[in-house]
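Annotated Zn(2+) 1 binding site per Swiss-Prot: His24, His26, Lys153, Asp272, in sequence order, evidence recorded as experimental evidence. Marked as Zn(2+) 2 binding site by Swiss-Prot on the basis of experimental evidence: Lys153, His186, His214. The N6-carboxylysine annotation in Swiss-Prot covers Lys153 and rests on experimental evidence. Swiss-Prot lists Lys244, Tyr245, Arg275, Ile276, Leu277, Tyr278 with the feature substrate binding site.
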Amino acid sequence: MENKFARTVLGDIPVEKLGITDCHDHFIKNGGPEVEEHIDFLMLNVDASIKEFKEFIDRGGSTIVTMDPPNVGRDVLKTLEIANAVKNLGGNVIMSTGFHKAKFYDKYSSWLAVVPTEEIVKMCVAEIEEGMDEYNYNGPVVKRSKAKAGIIKAGTGYGAIDRLELKALEVAARTSILTGCPILVHTQLGTMALEVAKHLIGFGANPDKIQISHLNKNPDKYYYEKVIKETGVTLCFDGPDRVKYYPDSLLAENIKYLVDKGLQKHITLSLDAGRILYQRNYGLTKGKQTFGLAYLFDRFLPLLKQVGVSKEAIFDILVNNPKRVLAFDEKRNFDPLKVSKEVLELKKELNLN
């Protein structure tokens with residue numbers, strides 16, 4: 001595909017303008033089911049977000065991919081404020097459509113549960129090609145923003161894929177096929193990644209446009225190698241500064257292992273700083289000193305170099321790989337006859353139409 005582009009909230013840009021990219025992060029979370037888990041997920045401060053983004057830019061960063069889907073924190077208008085504040089500094093924002101893990105949706109009455117897959121695909125396609133709904137598909141009224149989604153999210157739970165999650169994976173794959181839009185999947189604690197990748201590919205998605213997130217929380221370098229070699233997808237390691245799960249050194253050494261195996265083209269990085277105390281400027285509003293997006297540059301990249309990851313590999317991880325995986329693909333038609341037998345059998349077993 002000539003003239004490869006990524007879709008930001010302010011319009012399509014050549015992928016060469018993405019620069020150093022954080023492939024999975026958050027600025028605004030305007031409520032939703034995550035807030036019931038912890039109040040730190042409520043993130044409404046536009047000024048703090050702009051300051052955080054500027055610190056990211058000051059250290060050489062350019063693009064942030066915000067992975068908040070409709071009804072799980074996404075705020076189109078506030079994110080547009082942030083994007084407009086940093087556009088002249090070289091900052092870009094990509095937003096998502098799609099879904100999170102099944103835990104966040106009523107299994108009987110949510111629109112993910114009751115609306116036919118074909119219609120949900122149309123709704124997601126519209127968010128990518130016409131504009132995101134400012135009301136996040138919260139009710140019967142839809143108001144399209146000028147801002148379009150540039151990535152599709154799906155999610156799975158811990159150690160299992162719920163039937164609604166398989167439905168959301170089908171929506172993501174079919175939407176990607178029809179629009180060329182890339183996909184990123186939340187896997188709870190890095191489990192079910194291999195199955196997620198195989199299901200997406202089984203529905204017809206291009207593995208070159210798929211990122212699987214959170215495998216850093218399942219620190220098994222041999223599993224990473226297996227997922228990449230068997231499916232060809234990209235792993236988004238989104239967890240520097242998460243010592244409650246593992247030390248940074250373990251993540252750095254696991255990345256080094258993959259690079260040494262010749263798999264550096266299948267790695268992206270991010271901070272996934274989706275809580276108030278994961279960002280420096282939000283932390284200050286609560287009277288606390290915390291790390292933030294600058295941690296990637298100040299602490300983690302020097303550590304990658306210390307463990308022996310080459311500058312060339314780091315450039316691939318931060319620039320070349322996001323440029324490839326976030327570029328829109330050629331549009332295709334979805335052919336149900338090409339869906340894998342394994343996926344069709346699983347749909348039947350889970351009673352999915």
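The backbone N, Cα and C atoms fix where each Cβ goes, and this holds for glycine too.
Since we're looking at a predicted model, the values are computed, not measured.
Mapped onto this structure are the features recorded in Swiss-Prot.
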{"residue": "His24", "record": "Zn(2+) 1 binding site", "Cβ within 10 Å": "28"}
{"residue": "His26", "record": "Zn(2+) 1 binding site", "Cβ within 10 Å": "25"}
{"residue": "Lys153", "record": "Zn(2+) 1 binding site", "Cβ within 10 Å": "27"}
{"residue": "His186", "record": "Zn(2+) 2 binding site", "Cβ within 10 Å": "25"}
{"residue": "His214", "record": "Zn(2+) 2 binding site", "Cβ within 10 Å": "24"}
{"residue": "Tyr245", "record": "substrate binding site", "Cβ within 10 Å": "15"}
{"residue": "Asp272", "record": "Zn(2+) 1 binding site", "Cβ within 10 Å": "24"}
{"residue": "Ile276", "record": "substrate binding site", "Cβ within 10 Å": "23"}
{"residue": "Leu277", "record": "substrate binding site", "Cβ within 10 Å": "15"}
{"residue": "Tyr278", "record": "substrate binding site", "Cβ within 10 Å": "23"}
Quiz item: What subset of the binding-site residues His26, Lys153, Asp272, Arg275, Leu277, Tyr278 lies within 10 angstroms of His186 (Zn(2+) 2 binding site) at the C-alpha level?
Solution: Lys153
Quiz item: Cα distance, His214 (Zn(2+) 2 binding site) to Lys244 (substrate binding site), nearest Å?
Solution: 14
Quiz prompt | Assigned conformation of His26 (Zn(2+) 1 binding site) - DSSP reduced to three states | solution = coil
Self-check item: His214 (Zn(2+) 2 binding site) and Arg275 (substrate binding site), Cα-Cα, nearest whole angstrom
Solution: 15
Quiz prompt | Any further residue of that chain within 8 Å (Cβ to the Cβ centroid of Lys153, His186, His214) of the recorded Zn(2+) 2 site | solution = His24, Met67, His100, Lys101, Ala154, Gly155, Leu184, Val185, Thr187, Ser213
Quiz prompt | For the binding-site residues Lys244, Arg275, the one whose C-beta sees the most other C-beta atoms within 10 angstroms | solution = Arg275
Quiz item: For the Zn(2+) 1 site given as His24, His26, Lys153, Asp272, which other residues of the same chain have their Cβ within 8 Å of the site's Cβ centre?
Solution: Asp25, Val65, Thr66, Met67, Asp68, Leu184, His186, Ser213, Asp238, Ser270, Gly274
